[in-house]
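Visitor: A single structure is presented below for examination.
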Protein chains: 2
Amino acid sequence: MTNIDETHDPARKSWVATANHHADFPIQNLPLGVFSVGSGEPRIGCAIGDKILDVRGLAETGLLDDRWLPALTRADLNDWFARGHEDSRALRRLLSDLLSGEAQRAAVEPHLIDQSDTTMHLPCHIGDYTDFYVGIHHATNVGKQFRPDSPLLPNYKHVPIGYHGRASSVTVSGQPVVRPKGQRKQPEAEAPEYGPSRRLDYELELGIFVGRGNRLGETIPIGKASDHIAGYCLLNDWSARDLQAWEYQPLGPFLAKNFQTSISPWVITSDALAPFRKAVPPRPEGDPDPLPYLSDRADQQSGGLGIGLKASLSTAAMREAGATPYVLSEGEADAAMYWSAAQIVAHHASNGCNLQPGDLIGTGTLSTDRQSGLGSLLEISKGGNEPLVLPNGETRSFLEDGDELTLSALCSADGAVTIGFGTCIGRVLPARR
Amino acid sequence: MTNIDETHDPARKSWVATANHHADFPIQNLPLGVFSVGSGEPRIGCAIGDKILDVRGLAETGLLDDRWLPALTRADLNDWFARGHEDSRALRRLLSDLLSGEAQRAAVEPHLIDQSDTTMHLPCHIGDYTDFYVGIHHATNVGKQFRPDSPLLPNYKHVPIGYHGRASSVTVSGQPVVRPKGQRKQPEAEAPEYGPSRRLDYELELGIFVGRGNRLGETIPIGKASDHIAGYCLLNDWSARDLQAWEYQPLGPFLAKNFQTSISPWVITSDALAPFRKAVPPRPEGDPDPLPYLSDRADQQSGGLGIGLKASLSTAAMREAGATPYVLSEGEADAAMYWSAAQIVAHHASNGCNLQPGDLIGTGTLSTDRQSGLGSLLEISKGGNEPLVLPNGETRSFLEDGDELTLSALCSADGAVTIGFGTCIGRVLPARR
C-alpha cells in the first residue's frame, strides 16, 4: 500500500533553494492548495519551500498532461480530487521532476510566487463535513468527566463513532473566530440564558479530504478505502463547551460546533505521507476485533499515521511581550487513533452513504495518553477545574478573547526528509453585540 | 406578517383549465421547482394544474423583470432564493396575473408543458442539511420507549433541538431507497454484526428552504427569520432504527439516517401559505417562555402552519391487488410543532452559523397527540412491539422490501382555495449484496 519511490528520495534536492531546508515544504512534500494574488482569481498551486508553484500558469507551458487541464485550471481542487489517486501520484512525480531537474527550470521558474505575496483559500468546495471521534484517549478523558466508572460507551470499540458537522462554516487558517453566543445553563441555575460562550475551546484534529467518491447506495470496501482519500490537513474543531453540555442530548453537538471549523490550507497527499506510515498499534488485550467490513491486513500494516501534532497558544499579553507561543499539546496521530483513516472512510460509506470529492472528514480530537498530548483545554484543565498556568502567570481554563491558537504538524522518520502540514491559525474575537 | 392579497383571491381562476380543480396546484399556489424534458437541461418551472410553466422559456418572452433573469434561467433555484422574499412575492404576483389574465395568454401558453412529460430534480443545490426535532409528541413517544417516567429531556422546552444531516444523499421524490446495511446489536447478543437493517422506518417531516442567508458570525433576529425562508416541501427522513439504537451515543444519529433523505420537488412559498397561517398553539401551563432571542409576537400570532400532512403505505401485495394505499398517519403540522419555523431559523443562526440560500432544514417528525397522527412506524408499532395490521392481513412493524411510502400535504382554510404540496414517494429496494 505504501508507495515509496524516487519522489521520496532524501537525496533529491530542488533548485528552489528554500525548499531544501524547509521544515514543512521540501520537495518530498508537494502539497496542493488554492491561492490568489491581489484581487486575482483563486487558482491551484503547489507549495515548495517558501514559494508556490502556480499550477495554472504551469498548464500554459504545455508541461502538464492535457487530460488534467480541466481539473487543474479551476478555482478549487474538487475535480482534481475526483480523478483519483493514480493521477495524484503521476502529478507528484511530474512536479518532483520539474522542481528538481534543471531541464525545464527555465519554463517552470517564472510560475513561482512568494507565499508571502499570496492569500490562501479553502482548497475545495466542501459538500459535506463529517467529524469522527476516533481519538480514544480524548473519548476516555471526556467520558470520565461524565461517567468516572465507565468513560467509554459500549459501542466505542465496535463502531467508528461520527456525526455530521457544518460545511458552510469551515474556514481557512487565518480567519478569526467570533466568540459564539448561545444557550447555556449553569448547573445550579433554574433556567438557561442566552449569551456569549464562557467555555470556548479548541480541538486538535486531522482532516481527511475525500478523493474519488462512491455512488449513493454503494459501499467502499475497506481494502479500497485508502484510494478514496485525496489527502490530509489540520483541523481545529472550535467548541463551545457550555452550549454543548446543554444542547447535545439526545441528537449530539450542534450550535456548540457549527459556528466555525478552521483548516490548514495545504492538502498533504497520501503519497507524501508514505514514508511515515506505520503498523496500526495493536489493540489492547481483550478488545474486540473489528468486524470484517472494517478489517484489512494492509491497513493494519500501514494504516498508522506517523504525524507529530502540536497545538500552541499565544495570548494578547504574550504577543505584546514578544513571548514565544506556549505549547499546549504535542503527540503522534497514530498513538491517538483507535480507528484508521481507511476504517473511517469504509465505515462512512458502509450504509451506502455517498461520499463526494472534496468532502471533509475530521478524525475527532487526537489526544495521546500523556498529559503533554491532550488535544483540548477541556482535557488540559480537567473541565475547567484545574486552570492551566502560562509562563507569564496568566491562567486559562478556556480560551479568552484575543487568544490565538496555532496547530501544526511534522512527519519524521529514519531515512526520510521531514515534511510538515503548515499551520492552522485562528484568533478569538469578542462576541458580537 | 401574513400577506393576503389578490393572488390568494378564491375567485381568481386560471386559463389553464386543470388548475381550477387541482387539489395541489391551483393558481393560488404557484410553487417553483426544477424539471427537465427528455435529455434536456434542468430548468426552473412553476406548477399550475397538471402543467409546468417553463420559467426559462417565459424569460425569452420579455415578460420577466430583467434583473431576475440570471437567477431564473439557471438549473437550480439557489440564486433565486438568494434574492429574498420581496422578489419571490413580486414573481408570484406576476405569474398569477399572467396565468389568470388573457392579455399575455398567447405569449405564455407555448411555455406550458405537461407534468407527465417531465422529470423533476432537486429544486436547488443543498449546501447543508439540518434536521430538527420540534415535533414534541414524536419526541415524547420516542423518549417514552427509553425513559417511561421522563420522556422529554430537560433541555427540550428551552432549546429547539437540531443536528446536522447529510446533504449529498438528499434525493427527489421517486428515487428508490436501497435498504442500508450497518452495524446492529440485538439486546441479548454479545457483539454487534453488520448486515441489512431490519428496522427500516420513514419519518414524516416538513422541509424548510433557506432563502437569503446570513454571514458567518452574524445572527438572524427572530423578527426577521421568516424573511429568510424561501419555502417548504415534504421530507421523508428514512431511518434505520437498529443502526440508530447502536450508534447514536454520544454524538447522535449518523449512518442510521444519512443513507438517504427524500423530498418533494415543489417549493411551496411562504406567500402561498399565508391564508393557512394560524396563531401558534399556546404552550401548556407551566412550560417555560421561550428566551427573548426566540420570542416574537408576530410569530406567535401567525407562525402556526395549517398544513394537513399525510403518510400512506402501499405494499407490493397491495399494488398487485390494485388496493388503495393505506393511510398510516394524518395530522396538522401546527399541532405537532413545539417550535415554529421562524424559531428554528433564528436558533440555527443564533451562534453566528451561516445559513446559505438553498440550505434544507427538516422540522423533525411531525406526530400529533392522536394515534391516527403518528409520523413513523417506530411510534405506530410501539417500537415493533405492536405490529400494524393492514386491511389485506399483512402486518408491518417496520418497512419491508417493495413497500412504497407516499407523503402528501394539503392546506385548507375558510375562504381560501385549498393548495397542496404534491407528493414525496419512495419505494424500498432490497439491500445490495
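Quick reminder: no glycine exception, Cβ is built from N, Cα and C everywhere.
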Visitor: Can you tell which of A:Asp97, A:Asp237, A:Asp242 TrEMBL lists as binding Ca(2+) with A:Asp131, A:Glu203, A:Glu205?
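Guide: Looking through A:Asp97, A:Asp237, A:Asp242, the residue TrEMBL assigns to the Ca(2+) site is A:Asp237.
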Visitor: Among A:172-196, A:347-371, indicate the range for which TrEMBL gives the feature region 'Disordered'.
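Guide: When A:172-196, A:347-371 are checked in TrEMBL, region 'Disordered' belongs to A:172-196.
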Visitor: Of the binding-site residues A:Tyr133, A:Arg147, A:Lys257, which sits closest to A:Glu205 (Ca(2+) binding site) by Cα distance?
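Guide: Ranked by Cα distance from A:Glu205 (Ca(2+) binding site), first place goes to A:Tyr133.
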Visitor: Using the CB centroid of A:Asp237, A:Lys257, A:Thr261 as the Mg(2+) site centre, which other residues of the same chain sit with their CB within 8 A?
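Guide: So the additional residues around the site are A:Asp131, A:Gly165, A:Arg166, A:Glu203, A:Leu235, A:Asn236, A:Trp238, A:Ser239, A:Asn258, A:Gln260, A:Gly362.
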Visitor: Of A:Asp131, A:Glu203, A:Glu205, which of the binding-site residues has the most Cβ neighbours inside 10 Å?
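Guide: When each Cβ's neighbours within 10 Å are tallied, A:Glu205 leads.
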Visitor: Among the recorded positions A:Tyr133, A:His138, A:Arg147, A:Glu205, A:Asp237, A:Gln244, say which ones reach under 8 Å of chain B by Cβ distance, listed as they appear in sequence.
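Guide: Listed recorded positions meeting the cut-off: A:Tyr133.
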Visitor: So if I measure Cβ to Cβ from A:Thr365 (substrate binding site) and keep only same-chain residues at least 6 apart in sequence, which ones fall under 8 Å?
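Guide: The list for A:Thr365 (substrate binding site) reads A:Gly135, A:His138, A:Glu203, A:Leu204, A:Glu205, A:Asp237, A:Gly375, A:Ser376, A:Glu379, given in order along the sequence.
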Visitor: Which three-state DSSP class does A:Glu205 (Ca(2+) binding site) fall into?
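Guide: The residue in question, A:Glu205 (Ca(2+) binding site), is strand (DSSP, three-state).
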Visitor: Measuring Cα to Cα, how many angstrom lie between A:Arg147 (substrate binding site) and A:Thr261 (Mg(2+) binding site)?
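Guide: On Cα coordinates alone, these residues lie 28 Å apart.
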Visitor: If you average pLDDT over the domain 'Fumarylacetoacetase N-terminal' (A:28-123), what do you get?
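Guide: Value for the domain 'Fumarylacetoacetase N-terminal' (A:28-123), mean pLDDT as a whole number: 97.
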